[in-house]
Amino acid sequence: MESEQLFHRGYYRNSYNSITSASSDEELLDGAGVIMDFQTSEDDNLLDGDTAVGTHYTMTNGGSINSSTHLLDLLDEPIPGVGTYDDFHTIDWVREKCKDRERHRRINSKKKESAWEMTKSLYDSWSGWLVVTLTGLASGALAGLIDIAADWMTDLKEGICLSALWYNHEQCCWGSNETTFEERDKCPQWKTWAELIIGQAEGPGSYIMNYIMYIFWALSFAFLAVSLVKVFAPYACGSGIPEIKTILSGFIIRGYLGKWTLMIKTITLVLAVASGLSLGKEGPLVHVACCCGNIFSYLFPKYSTNEAKKREVLSAASAAGVSVAFGAPIGGVLFSLEEVSYYFPLKTLWRSFFAALVAAFVLRSINPFGNSRLVLFYVEYHTPWYLFELFPFILLGVFGGLWGAFFIRANIAWCRRRKSTKFGKYPVLEVIIVAAITAVIAFPNPYTRLNTSELIKELFTDCGPLESSSLCDYRNDMNASKIVDDIPDRPAGVGVYSAIWQLCLALIFKIIMTVFTFGIKVPSGLFIPSMAIGAIAGRIVGIAVEQLAYYHHDWFIFKEWCEVGADCITPGLYAMVGAAACLGGVTRMTVSLVVIVFELTGGLEYIVPLMAAVMTSKWVGDAFGREGIYEAHIRLNGYPFLDAKEEFTHTTLAADVMRPRRNDPPLAVLTQDNMTVDDIENMINETSYNGFPVIMSKESQRLVGFALRRDLTIAIESARKKQEGIVGSSRVCFAQHTPSLPAESPRPLKLRSILDMSPFTVTDHTPMEIVVDIFRKLGLRQCLVTHNGIVLGIITKKNILEHLEQLKQHVEPLTPAWHYNKKRYPPSYGPDGKPRPRFNNVQLNPIDEEREETEEEVHLLNSTTL
């Protein structure tokens, strides 16, 4: 208990007194409070779990290159707790990789000693393939279970199969001999709720009863889903992809990928989809697959004891999740590489591919949709596209980009307002209200009443001789001069025009409800709603172009390739292109999205239209803001994520960002052989920093290394238990050789083994562009700032994110362009025109004064000085 009391939170809003607090990672954006406000409400606790102000956090980070040598050795034996991480902290990638290399060398050195050691070596080598195999098997099985259950519960809102209660509507009528071609979905075995309750199949009474039962089941499913999430697994809400991206970047969120989250998310995802809310199951399937990967990784010591290696498994799991969501194994691998993974070595690429393959194979074996396909809306087109059609395809890309920009801004504004109003304190009420509005408006329109995946299937499907949908209600033209293999373009009938009006209303409804649905406290994916919006818009455009080509086939744009009676235009293709464009506008995916949609259609011929639409949507969306929806939610929730796609174009220096700043307390440092155990414990008690630079002495200020707060505490406690003579007045020595002490002095405590002898350092004149790149590419938590080898301050990941947020508040750069290219040494004269004093033995305080004077000269605009 005494050690836990040392790790209380010490970082407060708008305070720069901490270098990096024990809980700094979860509050790392609070310093930019101008636009970021994360005051916790009851609603926020659904995402934040049980964290509270009184929660104890610890920091474990090294940033060391030489950490592989005796990293965990202290007093000749490992100390439990050293090298581990606590909740809401960022891992040290370099330290974890060094640990893994040391483990690998240790196994290789022993494998020739005995057959048992050789077996252990082989088990270690194959453990990576075993864990991704288990992850793929579990992901495919759970995806099949979710698909079957969601289809059954969706049809339960309309009726029930009396012959077999576990059959959905389609399965119930498969074995019936009394169905007709026009009414293939009607059979005696399937009974609507109106037939069961009031005995009427038609008429106003039947319609009203079915309406009431539809709303009842929708509200029941939604209430049950949000209640399960709130009570058992708060982390099961939402899409999960923003948090997965943050976790893969190195952040620790305990319980987010646990067994309770997996179980509750699987159950509530079925309920949320069946309730008819404007959401999808594809995004949450990535979360489900990552939960499987995390759980199975604990079976293998190679991954359970190393957070960096565990993230390789999670990258493969995310690929498996997309593979079963869309039936696109290759697209899943590219999605993991392009969208979610932070560290993606070549072996992870192979294992991701294998996991996606296994998951797709299992789902195909289950065959949840009964069509021998991995998704409900798999389509194949046989009509080629023509050069002129690139113009409407690009227009759909523009629409997708505009939709994405609008959705991101509107949804983030609503989520931010939810946090700041009383409405956000009642998540159950919010879900019930959204579900009620959705059900009441959706039932009268047949296209909004449909399950969203079934709607996309109908919009993607081309009109053939076996189609009885209103979208295929064309008038037969008996005067066609030429008949080809495919059904020729025909004039639209009354059913088509009626369907267009219904689709326009459905488009408006989906756009509005998706904004308010994404982010509520139930599992909610964004892929399917976005694709549905694009598919509706694309189908409308496709029908318009088709009719234009039919009535004006003599125009020069149609004359060369569209003859009378030929099948020129495929409206379903426009729906597919529109779906890809809208999904790309929201997520800003490019390559992976094109491959996913290509795998859905199974044809290489339509890659060019897809590429044109997706790139157009990205360009249009980027014109309004480069953030995708997932990056926007990461920033809204304050997760410590450095986006590699974001460019740093400012000309600030490391000295502008490092802590301590002016008017801050001086930097807390340790000396290598002049401090006692009491001195170090007092410093730990009086500060909340996660680590301390170790210097040679107060006079020289030369850097020796970096010691972590957690390691110091554990080492001192362990020494007091295992070594005799360690008392509060014992000298603590970080040097290689213990200095000579008087005979009556207590026994010294040697802590050199926990010291990081090669911490990452930059000079005070290093451009922040380079510092940000170092943090992104090496996964650092902190680096020290020096001047001629003398410690000036420290830069943490939190400081960088604060700096990036504050830079967005200023139109003008913080430093003039000429300063970025000038020589990097202090000017000879200060701002007052007097010569600057020169120091031979520079001490910390004079250097602070020097830096402050330099800042006065660098920051010409006081209003923009941070």
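Even glycines carry a Cβ here, placed using N, Cα and C.
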Of the residue ranges 174-194, 720-740, 846-866, the one that TrEMBL records as region 'Disordered': 846-866
Transmembrane segment range according to TrEMBL, out of 313-337, 613-637: 313-337
For the transmembrane segment (386-408): best-contacting stretch of 428-447, 532-553, 573-598, by Cβ pairs under 8 Å: 573-598
The transmembrane segment (284-301) and the transmembrane segment (573-598) contact flag, 3+ Cβ pairs under 8 angstroms: no
Long-range environment of the transmembrane segment (256-277) - Cβ separation under 8 angstroms, sequence gap at least 6: 142, 145-146, 149-150, 153-154, 156-157, 214, 217-219, 221-222, 224-226, 228-229, 232-233, 235-236, 240, 243, 247, 284-285, 287-288, 290-295, 314, 434-435, 438-439, 442, 449, 451, 513, 517, 520, 522-524
The transmembrane segment (313-337) touching the transmembrane segment (126-150) per 3+ Cβ pairs under 8 Å rule: yes
Contact check, the transmembrane segment (313-337) vs the transmembrane segment (532-553), 3+ Cβ pairs under 8 Å, seq sep 6+: no
Top Cβ-contact partner of the transmembrane segment (532-553) among 428-447, 499-520, 573-598 (pairs under 8 Å): 573-598
Residues of the domain 'CBS' (755-814) by DSSP state, where helix covers H, G and I: 22 helix, 19 strand, 19 coil
